[in-house]
Every structure is written in structure tokens, then in C-alpha cells.
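For A:H178, the entry in TrEMBL reads active site, proton acceptor. Residues annotated as NAD(+) binding site in TrEMBL: A:G9, A:I10, A:G11, A:H12, A:V13, A:G14, A:D34, A:I121, A:S122, A:N123. Positions annotated as domain 'Lactate/malate dehydrogenase N-terminal' by TrEMBL: A:4-145. Among the features that TrEMBL reports, domain 'Lactate/malate dehydrogenase C-terminal' is placed at A:148-300.
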Protein chains: 4
Amino acid sequence: MPRKVAIIGIGHVGATVAHYIIADHFADELVLIDTNEAKVIAEATDFQDAMANLPHYTKIKVNDYVALADADIVISAVGNIQLQDNTDDDRFAELPFTRQAARSVAEKIKASGFHGKMIVISNPVDVITSIFQEVTGLPQKHVIGTGTLLDSARMKRAVSTTLGLDPRSITGYNLGEHGNSQFTAWSTVRVLGRPMTQVAQMRRLDLELIKQESILGGDRVFHAKKYTNYGIATAAVRLMNAILTDAHSQLVVSNFRPEYATYLSYPAIIGADGIVAPVQLDLTKDELAKLQVSADFIQMKVTESLNA
Amino acid sequence: MPRKVAIIGIGHVGATVAHYIIADHFADELVLIDTNEAKVIAEATDFQDAMANLPHYTKIKVNDYVALADADIVISAVGNIQLQDNTDDDRFAELPFTRQAARSVAEKIKASGFHGKMIVISNPVDVITSIFQEVTGLPQKHVIGTGTLLDSARMKRAVSTTLGLDPRSITGYNLGEHGNSQFTAWSTVRVLGRPMTQVAQMRRLDLELIKQESILGGDRVFHAKKYTNYGIATAAVRLMNAILTDAHSQLVVSNFRPEYATYLSYPAIIGADGIVAPVQLDLTKDELAKLQVSADFIQMKVTESLNA
Amino acid sequence: MPRKVAIIGIGHVGATVAHYIIADHFADELVLIDTNEAKVIAEATDFQDAMANLPHYTKIKVNDYVALADADIVISAVGNIQLQDNTDDDRFAELPFTRQAARSVAEKIKASGFHGKMIVISNPVDVITSIFQEVTGLPQKHVIGTGTLLDSARMKRAVSTTLGLDPRSITGYNLGEHGNSQFTAWSTVRVLGRPMTQVAQMRRLDLELIKQESILGGDRVFHAKKYTNYGIATAAVRLMNAILTDAHSQLVVSNFRPEYATYLSYPAIIGADGIVAPVQLDLTKDELAKLQVSADFIQMKVTESLNA
Amino acid sequence: MPRKVAIIGIGHVGATVAHYIIADHFADELVLIDTNEAKVIAEATDFQDAMANLPHYTKIKVNDYVALADADIVISAVGNIQLQDNTDDDRFAELPFTRQAARSVAEKIKASGFHGKMIVISNPVDVITSIFQEVTGLPQKHVIGTGTLLDSARMKRAVSTTLGLDPRSITGYNLGEHGNSQFTAWSTVRVLGRPMTQVAQMRRLDLELIKQESILGGDRVFHAKKYTNYGIATAAVRLMNAILTDAHSQLVVSNFRPEYATYLSYPAIIGADGIVAPVQLDLTKDELAKLQVSADFIQMKVTESLNA
């Protein structure tokens, strides 16, 4: 069957996800949904104006919730990034708006009969992922947030720049909230065949500085562009492909961890059935404490949001 | 040698071209140049934040004109689309700004020792392509505008929608100015194994309506988004790939036609040496007349601009 | 849903089709079937030994007819090319063997409950396609042979070599039998914006020589390699992608034409429903006569085979 | 500049490398060289017969050593796999033949003025890589063997099958000779966020059995097909892309390690300058001993061969 993917929220991120999918032939049918009908039609037409010059054909539908009934994946890029603009980079500035939008979208998704997997990009992603799961009633393992898959890529960017290495030759994770309480679990980061902590010691590198740079990079992107799109879209599509190909890839994403009773970013095995298996890291005591703090914070925000 | 491509002007179009190149591994080294340094660094960082999740590595440099000395291709996406916003969709609203920017950029390109091929997207593209060729002193065959490669794709979109066909199964061209004086040369359009004019007669289709729809589609994109990027970026990259692979592909692009003494869009054979051979269409008298009008208009605007 | 493709007959061609699909991520699940179990397991393992170094994951199953029940596409590459070896390049040397093999495979396909689309590569392709359609009972529009999609590519190779052009900038078809009675319908071939016949006249080219070269090229490949695989595999996968993406592409393939009461190669519009629309070329009298000869020949062979 | 790659030895492996490069547009110009001229012309024609149906154009030259003068990469797939056939899977059965062929080819490469990077697939790869380096006089860091990049992929295949994981979610290496003295350095293998040794203990897995399966898989492929091509071609192309994109990727390849005074497989950082940096693993005492045995064996064989 053709791979059918719907993207809801065709702003900077949603449109970039769509473009990446079309350019690389990652889906056969794409449903684009946005409350701004003129905008979503415009994006669809712009994509169709590319089709004659592209090697692969992608079928595009617009604002058709009915088409979700047999979609494989729905990606939520719903949000209003402008709300974040005058705040101190707080993804929670978007929450009141996106919370409402997510509820409304989730109800429409539910009504469509959708029974595939959801990928949530919308911020604050751990909270919004919870809302989507709660309202759609989909199994927890079928509703996944991109979480710190982006932050981990940023960490790898900072490490790779410091060491002159391909970021794909670095393994390891940022964990917890895709937000201010997240942290790099340095005990999981390996590079050059060794733990990063050991390499840092040998080369007298300051891990704190590298962590700062990883975060500052993201901040600089946001401040100069007023949004970020390429890094996050690439992360979302990588997650999508792991599901569509049933790859059983280990990726760090926002998934429901029973021991924390909340969604938070922690590696998991991703396949056609969503979260097909948990991973159990061997974290340090300090990292476990940070993760607990992050989990508590997310849980509090989720509770607030579900009660709001 | 790695394929080295520079993009000058990292607005909506320049960034989309860069993303498409990075996502599809169409170059090995990318130089991004923009007068807004914070913005171009932000885009580069956003791309680097994607790298850990991408299958192929692309080296990215920022604001380094020196790097152009051995670049294979320089793409100009310089422009200020906001200038077009309150006008009646007139690409010439951008001219005074872009003319100046193009001159300034062209001098820096020349100073860098660049001796590759230039692809010009900046509007009004036929005029700006002329300016780039004039100021850089590069051979005419090495400076090419995307021209009506986009408009032809739009025509194919309109025809394909009408007939329920893959736009890539339609051949034919929009010719002349990438602007209001262009026209669809219906005598060149073939579909379903026949001339489109014959198919239109058989199926009682109104070619004028199809042409309108092709143009209106582009207008709708522009009005709703305030810019267009996916269609044009795809056209530019297709042209780029024909050069980089020395494909000798027949593409309709803005190239210097001696018999009209100006740049205008007309099919040509594209390869490593830029325009490697001309094509001579068998146009109708009416089409020839329209092409002359379009050529005269471009020539007038070029003359104005070079004297400005 | 993931794209599920089965390939039956994992010889040189079947394995190359599988490799191309895996390397380019054209399917999400691949079922490989062959009577030589050790061989097909070996190919599957060889592909799995590639997986760690590939960007995309493909699930591979071996010799599982049950898996065909929900496959999108079944490709038959069944055959025994060695039978052709000592004959005068006659694809019919394979017929007695492949006819039997095709019947047996077709019955297993039918028993599996397969209800997708079939692509037949097995030679003599027009006859074997008929047998597959007859025995599986699938609709005629859902059983398609690669036919002269390869021969047309060879014709484009010969024309492109003569004129120094990208073969993709040439349109036109070889028609009829994928065998000795086929012919290049020069009236359909267009290049450089003109009919090829006109270009040939202008440049004093001998079309007969070009046609010879197109055929001789294929012969040389066969004689030196004892089989051909890259050209044919690429043609088959292009056809497959047109179906999987519902592209509505115009491709010349072996399809059932009621006016000739047989399968033969003639362009058709290809989409998710197989042959979604016929094309009606405007052939010359001479070409129509040749096509009739080719059709009669195929029909005779099909009748012989169905009665055998 | 276009990426120019030459492949010498167009047997099963060389042709598969070429096909993969062409299908995925990993080079812009390909030079195919083989002593069997009819065969290499046949392969080139077969590829050209694919071109009309491929999205990207690749220029192909045949048996042109002069073209190596400015090639980026030369890949040696020279060999005679039939020599291995009746032996106990001993890659050294090929040595007398391939040693001679390699010397002869290396001299022609040297005479061409080639000054790019060499990738050696020919077996026994550690010895043949040494010969190519010695005879061409290229810097050691510019002559690299595929080594245990394939064996490591086989180990990942075996681990991934056992654990139900994406092989790309497993890190770690087989080290030493691409031959019987190699070994899986289990201390380097990590999976599910932990050392594989720990996971094996937790899940009561027998690492020896997994290692056997990884080797047996390769053997089964060889015995049933009489050669292996897909796994090795994919490994070679991954190495090639790391060089062409200057990715600074960490890959396990056959490279010259001064402390062992020989070529052997050990991870290194790969970029445009070949081996751009060494990696220093933290192996166990037992692994170091095995590596020494493997190194001694290779060194002996190299000495024999250089003196032969």
C-alpha cells in the first residue's frame, strides 16, 4: 500500500517536513491540513509546481480529515511560534494556544477513524504529546513526540565541531524534557571508541562548555530566524521512516515511561508498532536525579494542561 | 573533486535550495552567503542540527567569498521579495533593489576568481542574469537564469490537473520573459502522444483557461505565502544537476540568444560547459511574434538597468 | 501502509531488481521467492549484510507465498537465461521452460489471495504476461509486462549517443513485441523540439543505422555477459514506482490492447490501478502495418502457449 | 568539480559497485576498467540502457587509464573469485593471481598520474592493499582497504537478528585481517545503551554462537552464489562517500597502523585526505593478543607477496 502521511499545521516546520518528504520520496500520499486554507492551498500548489522537475511523484491532498482514516502516520506541527518570540525562549509561551489547538485537532483525528501512529512536533512537545494521546485515545506506544531527538543532534553537532568528527560517528543522548530541564547524559555519549567523559579528560575539554554551545546554537537559530525548521524537520522524518520501514531503530524520542508516569525523552526501539520495546540505560546517580526533576516538571505541566 | 556550490542570498528561496541540496546530497560542499550575517549563520546551524539525522554529510561554509575561487556553481537567490508585496505582482518592483545588490555581489564574485557556472534565480531574472554576466565578465554560456523552467512546470501542473496525468509525462515550454510577457508555446506542448492543441480540440478543452490556471496558481501561492520557494528551488536544482553531471539535458532556461540579442527563456542543451548547444524550435508565426515582444521588453529593461 | 513488493525468480535480473529497490528505498518490505532455496537465502543474507551500511531499512522475507496475500506488487523475473545461450538470441528458446514455470508460479500467486498488481519481466514477455493474467485471473489492467520499455531506452541510448544528448531529453517509443518483430515508431520520436525524422534529414542521419545500433547494443550486452540485468531492472522499477505512487505516468509497456486482442507494447497511463487509461498514438500507415504483424505474431505464440 | 570515480575489475563486485553508484547518483563520472574488453563494454552499455529510466545522469567511460589522472577515487575490485571456489573458503587462494594483477594495475595507475585516494576490495584485501600502496607510491593514508567493514556489518546482522534490532543501532567492530584470523572485539560492541557483553549476560546469549552465525552467513552466501557482492559493494561505497564528502566518519577499514607495521582493520577517521586521524580503542588484553596474531599473519603474507 502507498505510504500515507498527514501533516497538520503547515507553518515553517510543517511545510519543511512536507518538502523533505516530497523531495526524498518518503511518502506516496501526503495530506496537508491547516486552519489557514489559503496558506495550505498555496503550499500544496507550490509543491505541485515542483513536481515536473522532481524524480518521484507524490500525491497531495489538502484539508481532508476524512483521508486520515487510513493514513499510516499523522504528524502534528500545530503551533504558533510567534507566541514564543518576546519571551525568554520559553516553549511554554506557546502552551495555552497550542493546548487548545491540539485538543481540537485531536478530536478531529479521533473522529476520522485514524488508527495509525502519531508523531508530535508541537511544543511544549512532551505536554502536547500527552494531550494528543489522551484525546485521541490511541495507545501510548502509538503517539510519540520528537522530544530530544533534535537536542541530541545539537549535542552531536557541538561535540563534532569540537573534535572535527562526523556527527553521525557520535552516539549518546540528551534526556528528559524537550525544554529547559533537559540535560546531556554524558555517560551515554561515546566518541572515538571511548566514553566522551574520558575523551574530554584526555583532551582537556570542558563538557559544560560543549553543552552550552549545543544549546546556544539552537538559541541563535531561533533568534535570527524567529523559528527553527531544518533540524527539527529532519528529526521528525527520521522518526517517521523508522516507523514506516519497521526498522526497530533505537532513537531518543518523547515516549511514555511508566516508571516516571509521564512522557519524556528516553531512547526506545521504534518500529511499525510505534514504541516496540523500551531501552534501559545505565545512567549515573546524578543523571537519574536530573531525569527525575525533568519528569516531575513535565508531569506537573501535563496535569495543569489536562485540567485546564 | 567534491561538488562545491555557493548560494548567495539566503532568504526563503536560497534556504530552500540549500535544504534541498543537503537533503538529497546534491553537493558535497555548500557555501552560504548573505549580508545578514546572523541570519545566514542561523540557517547554517539549523542545517548542522539536521546532520546527525541525515544519511549524507554536507560541508557548510558561511559568508566566505574566497571559497568561490574553485566553486563549481554559484546560485544567486539575492532579492527582496517584500518589495513585491504591495504591487500588482510585478517582478520589476524588486528591480531597483536587486539590480544594486546584483552588481555588488557580481563584483565580489569576480574578485574571488570564480570561473564556474552561475545560476540566477533573482528577479526580474532575465535582467538580473544579464547584469551578472556583464559585471562578472563570465562567458554568456556560463551565466544562466532559471527563467521559465518554473513557468513551464506550472503549465505542466495545469495541464496534468486537467487531464489527470503525471506532469512529467507532458513536454513543452513557456517561452520569453519570466514575467508578464511570457507565453505558453502551445505548438511545443505534447501530451498523450499528440500535440496538446489536438488533444484540446478532441476533448473540447480551452487552452486559454489552462494557461490562466497555470498563472493563477503561481499568483495564489505568492499572495498566500508572500513568496514562492518550492517550485523555484526545484527548478534551480534541476538545472544545477544538469550542469554538475554534464547531462546534456534539454531544459528551458534564460539564456542569451544572439538573434534576439538578449537573455530570454528558450530551450537549450545544458551540460558542464553551461549552454552546450542551442535548440531551434519550430514555432508558429504567432508564437514568434509573442517571443519578439517579450524579447524587446527584456532588452529594454536590460538597457535601462545597465545604464542605471 | 508499507510498500510490499515480491520478486519471484532471483536470478541475475531478480536480484538486481531487489538490490536497486533496497539501495534506493523503493519498498519497505521485500519478499524474495525462488525454487533454489539456498540461492535465495544467500541473496537475502547478502542484502542483510549490506543493511548496516545503508541509509534505509528494508525488511526481507524469503520464499513465503503466504506473504503475497497483501503485497502491493509481484514482479516475475522467472526464467532460465541459459536456455537462450546457444540460440540465435531468440527469447522464445526460453518459452517451454518459462511457460511451465509461469503457470506453476501463477497458481501459487492465485492461491495466496494476491490481489495487487503484477509486473512481468520473464521472456518472451508478451506471452508470459498473458499466461500470468490468464492463470491468476487478475484483471488485464493489473498484469503488465515491461515490454519495450527497455527497447525504447535502448533506442534513446542510440539516439542520444548520435546526437550528444541526455537520453531523458528524447521522447518516443519502440512498439509491439519485446522480440524480433518490434520496431521503433519513428513518428513518435521527438528530439531537440522536433520530430526525429526531421532532425535526421537535417543532419543526414540514417535512422536505420541508429535502430541497428540500438538492437546491436543489447545483443553485445547479452553475448558478453550471457544475460542483461541493469537496463531491464531499471525499467521494471520505473514501472513499479509509477504504480506505487499512482503517478499516472505515460510509459510504453506490454498491456492488453483490445483492438489487437493481445498483449503488446504500446504506451499507456500507469497508476495505482495498473493501466489507468489507454493512449492512442497517431502512427503512420507503415507503423500500423508493422504493429499488426507484431500483434499477430504474439497472438499466435500466446495461443500456442495457452494450448500447450 | 564532478566526482570522478574509477572501478578496476568489473566482475560481480565491480559491476555491483558501479550499479549502486549509478542508481544512487554517488558519482558524476565513472571509469570502468577490465582486461575483458567485451565484458566491460557490455556492462557499460547495460548501464547506458538504464539511463533513460533513471533520475540522474552518470557519464561512463571504458578502459581509459588516462582518465585516472584527475580521478578522485580508484576502486580496485580486481580478482578471480573462481580460484576460491574449490578451496576451503580461503581468500588466499586468489593471492597468486590477484597479486600479479594488482601489481600490473598499480603500475598503470601510477603511470596515469593518479593522485587521488584508492579503495581496495580485492582479496586477500590487507595484502593487496599493501601491494597497491607499495607499487603506486601513494601515501599510506590514501590507500585504504574495505577490510572488516563488511565483517562488522555481518556481525551487526547477526546481533540484530538475535535481538530484533536495526543493525544500524548497533556499534562495534570486527578487527584485524579480513580473513580467518579476524575477531569480533566484543568490548567495542554496544547495543541497547549497554556493552553487548552485559546484554548477552542479562539475556543469556552465547556470543560465540552469534559470532559463528555472522561468519556462517557469509559462508552460506559464498557457497550458494559462488561470490558475494551486495554486502561488500555497499561497504565500499560507504567508504567512498565518506572520502568524497570529507565526512570525518569513524569507520573500520584496512589502514596502515604503525604500531603493527602493517595494514589491518581498525577504526579510523575517514575524510577527503583518506585516513585523516587514527582512533585508539580501549581493547581487552585478550583482544590485543588476537589483534597481534592477526597483524603478524598479515605481515607475513605481505612480506611473502612483496618478495614473490
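Residue positions begin at 1 at the first shown residue.
Including glycine, each Cβ sits where the backbone N, Cα and C put it.
Cα of A:D34 (NAD(+) binding site) to Cα of A:H178 (active site, proton acceptor): a span of 24 Å. Geometry remark: A:V13 (NAD(+) binding site) versus A:H178 (active site, proton acceptor), CA distance 16 Å. Per the record's binding annotation for NAD(+), residues A:G9, A:I10, A:G11, A:H12, A:V13, A:G14, A:D34, A:I121, A:S122, A:N123 show a top Cα-Cα distance of 17 Å.
The two recorded residues, A:G9 (NAD(+) binding site) and the residue listed as 'active site, proton acceptor', show a Cα separation of 19 Å. Distance noted between the C-alpha atoms of A:H178 (active site, proton acceptor) and A:S122 (NAD(+) binding site) is 11 Å. A C-beta separation below 8 Å, combined with a sequence spacing of at least six in one chain, links A:S122 (NAD(+) binding site) to A:G9, A:S76, A:A77, A:V78, A:G79, A:E94, A:T98, A:A101, A:A102, A:I128.
Listed recorded positions: A:G11, A:V13, A:D34, A:H178. The one with the lowest count of other Cβ atoms within 10 Å of its Cβ is A:G11. Under the three-state DSSP scheme, the residue listed as 'active site, proton acceptor' falls in the coil class. Remark: secondary structure over the domain 'Lactate/malate dehydrogenase N-terminal' (A:4-145) totals 75 helix, 25 strand, 42 coil, with classes taken from DSSP. The average pLDDT the prediction assigns to the domain 'Lactate/malate dehydrogenase C-terminal' (A:148-300) is 96. Cβ neighbours within 10 Å of A:G9 (NAD(+) binding site), excluding its own Cβ and spanning all shown chains: 27.
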